[in-house]
Amino acid sequence: MTNSRKLMTLDEYTIQELRNFPQATGELSGLLRSIGLACKRINAEVNRAGLADILGAVGIENVQGEEVQKLDDFANNALIDMLNHSIFCAGVGSEENDDIVVFNDAISNNSKYVLLMDPLDGSGNIDVNVNIGTIFSIFKRVSPLGQPVTLEDFLQPGNKMVAAGYVIYGSSTMLVYATRRGVNGFTLDPRIGEFCLSHPNMQCPPQGVFYSANYGNYGKFSSGVQEYLKRCESKTKEEGGPYTERYIGCMVADIHRNLIKGGIFMYPGTSNKPQGKLRLLYECNPLAFIVHLAGGMASNGVQPILDIKPSSLHQRMPLFIGSKLMMEELLQCLQEKG
Ligand code: AHM
Ligand code: MG
């Protein structure tokens, strides 16, 4: 056997999963394959972003009133096109679309899965060649097969999620994918253009030294959050410190590092924006699912993220996420100081 055969590709991995679980229909694997393919197209475009005339804003605003970058558009279209042409997805909810996109045709209406996504997270980083990511989550529809999907199919609590993942476009490009069977990381091998299983069975260390928060908002955080951050600043060696502050401006990258090395990421509510910035359905939920399956925790400060019943497609939610022991200390601070 040659060396390259030791690296299992994403396709080989999904085939192996199907062999191990003969009751599986292959629909989820098909969906994952389409996502992987779309993300390879996005990756190619991200890599040439500095060369192509693709940098800069389109000049229109998305639903959240933020300027849409051209790459956001490209990523959104690449994923929606790919999923629309696959036969395994009935509709998509995206950060870039006001309403759900319903693939209303005979085959799609008989697909059991819907997908929620942030096609390009951290898009403020594009112009400066810093990490960006794609985030997605997959749910089984609750509406009957044979009909177009409805908003209710997308407004399910995270604990009903079937699978979730993210792609980080960084020094290398990686797809991290979680189902209830665990979390696996696949690195894109540019020589063969395939995602290869590089990080099997990922586990989030219960304790780490990294903490990630936007300190520019410190004065607007609650007393409990401020108290926790103060503790982070002064951890002694005996307490597992000293801690190191890292904030990239792309939650995928911050959470990816913390997932591998151990750490905590937060985007709390502030006095002027009590619900914070991040979107529950396609930012908080998928990352909460992945980190939870890797042994970590995710909360909005009051309840587990995955237990929240969503009320609207683009709703925002405070997010605290990461290593179990660090999360427990944070939640204790919030309980004591609010
Ligand atoms: P985006 O989806 O518009 O890119 O926003 C989400 C990003 C997160 O990835 C990141 O952690 C956060 O926004 C940074 O926001 P801020 O600059 O307010 O700290
Ligand atoms: Mg985002």
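From the backbone N, Cα and C atoms, a Cβ is placed for every residue, glycine too.
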Tyr247, Lys277 bind substrate per TrEMBL; candidate in Asn159, Asn184, Asn201, Asn214 listed for that same site: Asn214
Same Mg(2+) 1 site per TrEMBL - residue from Glu95, Glu96 joining Asp118, Leu120: Glu95
From Glu283, Glu328, Glu329, Glu336, the one annotated by TrEMBL with Asp118, Asp121 for Mg(2+) 2: Glu283
Least surrounded among the binding-site residues, given as Glu95, Asp118, Asp121, when other CB atoms within 10 Å are counted: Glu95
Cβ-centroid neighbours of Mg(2+) 2 site Asp118, Asp121, Glu283, 8 Å, sequence order: Glu95, Met117, Gly122, Gly133, Ile135, Met251, Val252, Leu278, Arg279, Tyr282
Assigned conformation of Asn214 (substrate binding site) - DSSP reduced to three states: coil
Secondary structure composition of the domain 'Fructose-1-6-bisphosphatase class 1 C-terminal' (205-334) [DSSP: H/G/I, E/B, coil]: 56 helix, 20 strand, 54 coil
Conformational class of Asp121 (Mg(2+) 2 binding site) under the three-state DSSP mapping: strand
Nearest-integer angstrom distance between the alpha carbons (Cα) of Glu95 (Mg(2+) 1 binding site) and Glu283 (Mg(2+) 2 binding site): 9
Cβ-based neighbourhood (8 Å from the centroid) of the Mg(2+) 1 site, residues Glu95, Asp118, Leu120 excluded: Asp72, Ala75, Asn76, Ser94, Glu96, Met117, Pro119, Asp121, Ser123, Thr134, Ile135, Tyr282, Glu283
